[in-house]
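Take a look at the structure set out below.
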């Protein structure tokens, strides 16, 4: 790989940092040696109605997996995110909303958000929603999505947020699995200038005869273009709140009462309903938000994630609002209407902390300096990356160009199932290496094990497991605890298996190498796809790459690389040879791709993750059953890749 050097902690950050290197060592030691004492103290970051006496009661034992934190305490999440801030910062902005159209933006104060949430909580009650009922939320990125989520939490209803890009079939599947009682949606969403037919998709989903639990659909008016309307079932948001009181006391919830269900794709294709509960989740979201982003009062924080993903739950809304932060919600995409939109939004709202995904960073990087044209970005202090491992070249570009070479990057590794950050730098405590998630957060005990579960000490590579529980951990899969145990605790007994591989370097830093099913075995050597992809993307003409293994009768697996070139570049036989030699030089002969497949589009989920399962099937010619493609942002990509594969000529 290209030489990785350490980025020291900038003096300007070190001076005011909440966590110093010494504090990190002290807290981390305490958190793993005496978790009850550590979390007993840290649990006070939020307000409890009835304080807890029991801190940790957890077991990873096969057949007895049980995760309980602060179990005798009671609280309300909405009261922690809203009510407790009113006296001190009621008039402070809670949410800055930036529309898809650059001319549309507004701010919502804590006082206003509290008013709107109480009002909508009463609407939910008037529609018969009770504590424990599940409410499906299928909304665009507007403040009302946050209002709906917080209103559910206020009355003890469980929300199941469905990303606004999912198809009617995917929506129906999630409504059926969770037994949702109500759907909250909008007439349409707007993204990159295009209308998203949310209400129409809900209408289509509700035609499924297996859905019997939905009595009403609440529709927020975003564009005014609602097509079909079913009287008696469909009700306008604005009509309902006219009648509603803004007085709604928060429901007292047990720490272990479910807060939300969030569906994540399973390897079998059937989505898994990950269940998070109230107390431990909020403690963990608030604490990780505060320390990982080194949040100081008044900082303007922008997480680009959609509310439909766990990042939108933990780090757009709940973590920031629990800490009384100012959080920016963005309806659009980072490159619309121009490729410098992300940079423009940073300047317009004087954003101090920016948290986005490698897929966005790589898309901007392909545009070069146009991505920062006419902008300064000098308000930025901290930047972050989430969603997948970020290759060192994209990390350095993000650091140098977007962050003006002065902002630490927190490259956070975590999952829907972990609730919050697991392995991550802390801005004032961690020297950075481009592409490394660095060290575990407090209370997180990672280990690397071989395929038999034997721990690998020191500098090593292996399966990434967590050996003990943390408060933000998911408790179960909705209605299927057996599948929860099977998926996460059966591969390596007594440990949580992340499904990811990682290596640990001489400094104890962790490098995520990708999903374990994305590890190639070439002539008996393990190669992480992330490493080969990083080498490919380091080539000056390559914008994006995805690597999969295909069977090879001598080497076991051959390396098949899908490659998207930068704008203006064309594939040639010469470039084919050049790229193969480039990887050979960067990593070694073993990692040389056997086949290059030029394409201008890769199959991505709506959260920007590349769907490698489909790429593997196309590469091996196994296209009879491509499985569930409903989560793809653009399903037509698959057909295009198949056509390209059929017409491919491999230079000799």
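Backbone N, Cα and C atoms are what each Cβ position is placed from, and that goes for glycine too.
These come from Swiss-Prot:
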BINDING   191, 192, 193, 194, 311, 335, 523, 584  CoA binding site
BINDING   387, 388, 389, 411, 412, 413, 414, 415, 416, 500, 515, 526  ATP binding site
BINDING   537, 539, 542  Mg(2+) binding site
MOD_RES   609  N6-acetyllysine
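A map of Swiss-Prot features onto the structure.
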residue	record	Cβ neighbours (10 Å)
191	CoA binding site	18
192	CoA binding site	14
194	CoA binding site	10
311	CoA binding site	24
335	CoA binding site	18
387	ATP binding site	18
389	ATP binding site	26
515	ATP binding site	19
523	CoA binding site	11
537	Mg(2+) binding site	21
Rounded distance in angstrom between the Cα atoms of residue 193 (CoA binding site) and the residue listed as 'N6-acetyllysine': 22
Distance, residue 609 (N6-acetyllysine) to residue 387 (ATP binding site) (CA atoms, angstrom): 7
Nonlocal residues around residue 416 (ATP binding site), in sequence order (Cβ under 8 Å, 6 or more apart): 262, 264, 274, 309, 310, 474
Tertiary neighbours of the residue listed as 'N6-acetyllysine' (same chain, Cβ under 8 Å, six or more apart): 359, 387, 388
Spatially closest candidate among 192, 389, 412, 414, the listed binding-site residues, to residue 537 (Mg(2+) binding site) (Cα to Cα): 389
Sequence-distant neighbours of residue 412 (ATP binding site) in its chain (C-beta under 8 A, six or more apart): 292, 384, 385, 386, 421, 423, 424, 437
Those residues of the chain, 6+ apart, with a Cβ under 8 Å from that of residue 414 (ATP binding site): 386, 420, 421, 422, 423, 424
Fewest Cβ neighbours within 10 Å, where candidates are the binding-site residues 539, 584: 584
Cα distance (Å, whole number) from residue 335 (CoA binding site) to residue 515 (ATP binding site): 28
Nonlocal residues around residue 542 (Mg(2+) binding site), in sequence order (Cβ under 8 Å, 6 or more apart): 536, 563, 564, 565, 566, 579
Site extent for CoA (largest Cα pair distance over 191, 192, 193, 194, 311, 335, 523, 584, Å): 49
Cα-nearest neighbour of residue 539 (Mg(2+) binding site) within the listed binding-site residues, 194, 335, 523, 584: 584
CB-centroid shell, 8 A cutoff, Mg(2+) site 537, 539, 542, site residues removed: 393, 535, 536, 538, 540, 541, 543, 544, 545, 563, 579, 582
For residue 609 (N6-acetyllysine): DSSP state (helix, strand, coil): coil
Distance from residue 389 (ATP binding site) back to residue 523 (CoA binding site), taken between C-alpha atoms, in Å: 25
